[in-house]
């Protein structure tokens with residue numbers, strides 16, 4: 001059976017979301033993100049986390065007087081990608097980056113790549129960092145390797161000033177990519193800025209956010225996301241660095257402590273439907289992941305959930321998707337995540353997905369399945385669809401994550 005273009009797009013998103021990988025910068029050793037998320041593996045290979053140094057432990061050219069909450073305005077590309085510009089070097093070289101809560105690493109394309117044609121963005125412009133054009137560049141040269149589901153990013157480390165949201169991070173270590181997967185050639189972002197936890201293999205110097213705190217640019221090791229549902233030509237979503245912005249959420253935060261030492265992982269008490277007292281998925285681990293567009297969970301649990309919702313299965317090989325008709329949306333129950341005793345409720349308008357190329361009136365379920373290996377602990381991944389519903393606060397200082405109802409946004413229908 002041939003799938004429509006929209007289904008192919010969704011399958012691509014599923015593949016990227018389920019297979020996206022973050023690994024330490026160690027050429028001799030790669031590890032998938034899902035393996036990193038596995039608690040049983042943590043028990044065997046737990047690595048110490050680099051502590052966040054006090055501001056006076058690192059000489060810098062900034063003053064604590066510069067510490068303030070800063071908003072980064074993001075553009076939404078068809079609900080698949082949220083990105084914003086940063087600059088590197090002197091004079092400034094502008095790059096668009098996506099923000100990844102699953103890794104701590106920042107990398108951008110290098111002008112010294114032997115395969116530059118693969119590094120050009122969809123707009124056809126050539127946004128590549130050229131160290132020869134920067135007076136503040138300092139050589140490092142150590143290699144790095146980062147694996148994704150579609151291939152590897154390879155390159156070398158460099159040091160230069162990085163500016164974001166009106167703040168300059170001095171002497172920041174980052175990666176210059178000389179080889180990266182072809183999937184990046186069709187993306188609006190040139191590189192990645194990591195917002196995850198540093199570990200010994202990566203080194204804290206890669207973490208732009210941590211260095212903003214160290215250099216006195218932010219008042220607290222906290223960042224928060226507001227993601228709008230509907231993309232426009234203007235920035236419509238916000239990453240707040242150093243705290244939260246009450247303009248973008250309503251009510252109080254529901255907090256959960258982190259359950260893993262080096263990732264934004266927490267426990268969900270229960271996943272349930274508002275119209276059923278007899279259906280519930282009990283305690284499970286989850287991560288909030290800006291590298292995923294959808295909600296991804298174990299295939300057997302996702303199948304049971306979608307069947308309870310009345311979604312129609314759509315089989316393509318060994319992959320299974322689920323669809324709704326437009327007229328069904330109003331009668332569908334809420335999807336409820338119980339976190340630390342607090343109910344986080346998503347309506348059908350939040351968890352149903354629509355993509356370009358779909359027939360009129362058809363929606364896909366934004367809850368998709370992933371097969372986990374035997375012995376591997378399943379971890380749910382809550383991507384953009386979840387984050388568009390809940391303003392999300394990432395609190396490194398208190399090792400917790402918080403959710404509040406996102407402010408109203410433009411709806412598609």
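Just so it is clear, glycine is given a Cβ too, placed from its N, Cα and C backbone atoms.
What TrEMBL says about a protein is an automatic prediction, not a curated fact.
Per TrEMBL, the feature active site maps to 100 (among others). Counting every protein chain shown, the number of other Cβ atoms lying within 10 Å of the Cβ of residue 100 (active site) is 19.
According to TrEMBL, the feature active site maps to 289 (among others). In three-state terms derived from DSSP, residue 289 (active site) belongs to neither a helical nor a strand segment and is classed as coil.
Look at TrEMBL and you will find 35-47 tagged as compositional bias 'Basic and acidic residues'.
The annotation domain 'Peptidase A1' is assigned in TrEMBL to 82-404.
Residues or ranges marked as region 'Disordered' by TrEMBL: 34-65.
Sequence annotations record features per position, and here TrEMBL assigns signal peptide to 1-18.
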Other C-beta atoms within 10 angstroms of the C-beta of residue 289 (active site) total 30
Looking only at C-alpha atoms, tell me how far residue 289 (active site) is from residue 100 (active site), rounded to the nearest Å.
7
May I ask you to report the DSSP-based helix, strand or coil state of residue 100 (active site)?
strand
